[in-house]
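**Q** Dumping the structure here so I can ask a few things about it.
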Amino acid sequence: MGKSVAILGAQWGDEGKGKIVDLLTDRVKYVVRYQGGHNAGHTLIINGEKTVLRLIPSGILRENVTCLIGNGVVLSPAALMQEMGELESRGINVRDRLKISEACPLILPYHVAMDHAREAALGKNKIGTTGRGIGPAYEDKVSRRGLRVSDLFNREAFAEKLKTILEYYNFQLVHYYKVEPVDYQKTLDDVFAVADIITGMVADITTLLHKARANGDNILFEGAQGTMLDIDHGTYPFVTSSNTTAGGIATGSGFGPRNLDYVLGIIKAYCTRVGSGPFTTELFDEVGAEIARKGNEFGAVTGRPRRCGWFDAVAVRRAIQINSISGFCMTKLDVLDGFEELKICVAYKLQNGEIVEYSPLAAANWEGVEPIYETLPGWKENTFRVTKLEDLPQNAINYIKRIEEVLGVPVDILSTGPDRVETMILRDPFAA
């Protein structure tokens, strides 16, 4: 019987999901993206060669794996073509191994223009989006006016729909935001230039997945961003526009929740966040700067510096609840080498004095929240590229064990470097 495993971020994204997806894809036949778009960069380092994937599932680097893009993903034709070109220039066969749901909403230039215009208008109150049109594309989906991959099969109808949608967008862009309109003919020509390539990869993703399960094939679901950025369960409104949690798998691919065997939550040994929004354990001192420097904490897609802080067990407990997490993979343990002491946030003190062990949902309720820390001794020894648990410093082992105790969920995989070989699999999700 095949196993279906989900890999998703249990913090604010950038936890190192891409590496772990790539690591485990030698066990699977299918890797599935089910939400988000090209706003999340998954960085893979294999034999020293760096690859950043934004839209195509990380399994594309394994030649026997078929990659699926489910209906929950918003698809930018321009981003897809760019990424395909980069991979194909390296001899990687993409077109025969990538399948796309015809129900994927399309991201087009007017979505990007609206994203930029809104962020500029918000000024210091901006959400901190990547500016790639993700939010506006999801808005079109919910309002039922969006163009989808299926519309590419009827070009005449597509052209008419595009005309109507652009009238709506350009009116706002010109008259409210005072920016240039998006050109209809160029948008149409650019989409039609690549339409045949995209439609040639269309498949019934839901049926394909259920047949794979019936055949006993292993399936891996690749989440983007992180739990605390979920549109419903994250620090709203400082969130992304999709369901980044395990529930998004069912809605974003048509693969029912009872079919999921294991949920692997990815956590850094500390915490980071990109953009605006609450971050209780954020460090503003030299320790935070040192973590950022050692961890090379800059966004894979945007290049923006990430905010850094101590490990927040309160936020991760919320992620455990929402996702039914089976086990964790802890990444970047080596970044904590050399610190005299380390801290774990085990509870929050709210503004009214109440002590809570689970994070608030709305961003407004994080106002004035204070972290309650446990302090543990650090270690001077090197953990970088260590691949046996017994070879780790005792204080590093103690740190991991304390996090397991605080969370009540085991660390099943440990990453001590960026390359796929710099990993300890303590319990294999596909064998669990």
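Cβ coordinates come from backbone N, Cα and C, glycine included.
Annotation source Swiss-Prot lists GTP binding site at 13-19, 41-43, R306, 332-334, 415-417, citing sequence analysis. Look at Swiss-Prot and you will find D14, E15, G16, K17, N39, A40, G41, H42, T130, R144, Q225, T240, R304 tagged as IMP binding site, backed by sequence analysis. The Mg(2+) binding site annotation in Swiss-Prot covers D14, G41, and the record cites sequence analysis as its basis. Swiss-Prot lists D14 with the feature active site, proton acceptor, giving sequence analysis as the kind of evidence. What Swiss-Prot lists as active site, proton donor is H42, and the listing cites sequence analysis. Annotated substrate binding site per Swiss-Prot: A300, V301, T302, G303, R304, P305, R306, in sequence order, evidence recorded as sequence analysis.
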**Q** Provide, as an integer number of angstrom, the distance between the C-alpha atoms of R306 (substrate binding site) and G13 (GTP binding site).
**A** 10
**Q** Can you check what DSSP calls P305 (substrate binding site), collapsed to helix, strand or coil?
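**A** In the DSSP reduction, P305 (substrate binding site) maps to strand.
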**Q** Just to be sure I understand the packing, how many Cβ atoms besides its own are within 10 Å of the Cβ of R304 (IMP binding site)?
**A** 13
**Q** Could you state the CA-to-CA distance between R304 (IMP binding site) and K19 (GTP binding site) to the nearest Å?
**A** 20
**Q** Looking at the binding-site residues listed here (G13, G16, L333), whose Cα lies nearest to that of T130 (IMP binding site)?
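**A** Given the candidates G13, G16, L333, the nearest one is G13.
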**Q** Within 10 Å of each Cβ, count the other Cβ atoms and name the one among the binding-site residues N39, T43, T130 with the highest count.
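**A** When each Cβ's neighbours within 10 Å are tallied, N39 leads.
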**Q** Could you tell me the C-alpha distance between G41 (IMP binding site) and G13 (GTP binding site) in angstrom, no decimals?
**A** 10
**Q** Listed binding-site residues are N39, Q225, G303, P305; which of them have CA atoms within 10 A of the CA of G13 (GTP binding site)?
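**A** So far as Cα distances go, the binding-site residues lying within 10 Å of G13 (GTP binding site) are Q225.
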**Q** Which of these binding-site residues is closest to Q225 (IMP binding site) if you go by CA atoms: G16, G303, P305, L333, T416?
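**A** Closest by Cα: G16.
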**Q** Restricting to the same chain and to sequence separations of six or more, state which residues have a Cβ under 8 Å from that of L333 (GTP binding site).
**A** A269, T383, A396, I400, L414, S415, T416
**Q** Using C-alpha atoms only, work out the spacing between D14 (IMP binding site) and T43 (GTP binding site) and round it to an integer in Å.
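**A** Rounded to the nearest whole number, the Cα-Cα distance is 9 Å.
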